[in-house]
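Take a look at the structure below.
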Amino acid sequence: MPGNCGCNTCAGASPCELNRDVCQLKELVRSQGKQLGQLVRHMKMGCKKPPKESTLKGLSPCLKCLQPDVLYHLGMDTATMDFPKVFGDVRFVCMGGTAERMERFAYKIMKELSLKLNPATTLRNMAEPGHRYALYKVGPVLCVSHGMGCPSISILLHELIKMLHHAKCQDPVFIRIGTCGGIGIEPGTVVISSEALDGMLNPYYELIVQGKVVLYSSKLDQCLANELLSLAIPCEDEFCTIIGKTICTNDFYEGQTRLDGAFCDYTNQSKTAYLQSVQCQGVVNFDMESTAFAALTNRASIRSAIVSLCIVNRMEGDQILSPPECLSEWEKRPQVLVARYIRKEFLKRDDDSDTEVYDEVCPSACLEGDKAI
Ligand SMILES: O=P(O)(O)O[C@H]1O[C@H](CO)[C@@H](O)[C@H]1O
Ligand SMILES: O=c1cc[nH]c(=O)[nH]1
């Protein structure tokens, strides 16, 4: 006897049974669609020749003679690690002062990109053997702590750039996710650096090489800075995002004209006059790594940007008085913006991507415990 719809297929079937059949059918279609997606992805990967070289430019000719190359401060070397296999897919390198911030960002980005970990695994600090920096890898994103100041970030950048070169990475983007002292801006504001200037307000990173002063341009990628700014959503975000020039100093106290260091040979009046004068020239904040970060990424033709959280308005004081709970809540703000950028780029380049397929190429070297699912 025909069923309610009049066909013989569902003759005699109850609505419950029909429902179950529909669900099973849907599940079948979904899993076949997924398998098809995986197949297409695998075919594409199979057809694509692995790149012969990284896209990084201007690197030392001596690199090819280093067999192995020891990245001493990261505790890695090219003899015991297959760099193209472990790091070949890296497209974003995010850096910030502390290990904890970068570990938190790694978990955030994992969520944003819908990458999953087996519950028995945690992200591994891959630079742990070097005892200096912390480095986490989440799919195509590296999250690395750089410590404080230009010497520290410079050593790290040398080794990261060599790492990506050995891994044959293609067009990686570097972003520093920092904290900063604002000049006339509210604590809690997110600042994108338009330019990194030295203490003399010049767009250079100065290095003494073989007894001579060498200057490297510390200009930042304007397009990337503006793109990041465009990702702010003023009516939705609970914070303001601004863009302006950053002064990079070699000291947190006297270098940034603080009155609260152990030493101080100037007055409150001269401090105010100095801050006002740099403000008039478009400077909005101080940090301690921007010139080295900009210069070293520039030298390798790497696009880079700096997004920082303002933790104090230096026009109003020197000490960081916001409570720790507040600071750790604010810390998420620059991360929101950077995560939006990475997500957008990730989806753009992988519009046919499938989480599980990606996880297959996420090497277990990045994880503590079991393999990623
Ligand atoms: O919070 P991070 O990223 O370390 O950045 C800023 O904070 C440190 C000073 O407290 C300096 O490294 C400065 O650049
Ligand atoms: O005042 C500040 C705060 C953070 N980082 C700096 O370099 N200066």
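From the backbone N, Cα and C atoms, a Cβ is placed for every residue, glycine too.
The shown structure was predicted, so the numbers you read here are calculated from the model rather than taken from an experiment.
Annotated features in TrEMBL:
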- 92-343: domain 'Nucleoside phosphorylase' (DOMAIN)
- Arg132, Arg176, Ile177, Gly178, Thr179: phosphate binding site (BINDING)
- Gln256, Arg258: substrate binding site (BINDING)
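In the three-state DSSP assignment, the secondary structure recorded for Ile177 (phosphate binding site) is strand. When the binding-site residues Arg132, Arg176, Ile177, Arg258 are checked against ligand 2, none has a Cβ within less than 6 Å of one of its atoms. Across the fold, the C-alpha of Arg132 (phosphate binding site) and the C-alpha of Arg258 (substrate binding site) stand 28 Å from each other.
Under a cutoff of 8 A between CB atoms, and with a sequence separation of 6+ in the same chain, the neighbours of Arg176 (phosphate binding site) are Cys94, Met95, Gly96, His146, Glu289, Ser290, Phe293, Ser304, Ala305, Ile306, Val307, Ser308.
Every protein chain shown contributes to the tally, and the Cβ of Gly178 (phosphate binding site) ends up with 27 other Cβ atoms within 10 Å. Cβ neighbour count for Thr179 (phosphate binding site): 22 (other Cβ atoms within 10 Å of its Cβ, all protein chains included). Every protein chain considered, the tally of other Cβ atoms within 10 Å of the Cβ of Gln256 (substrate binding site) stands at 24.
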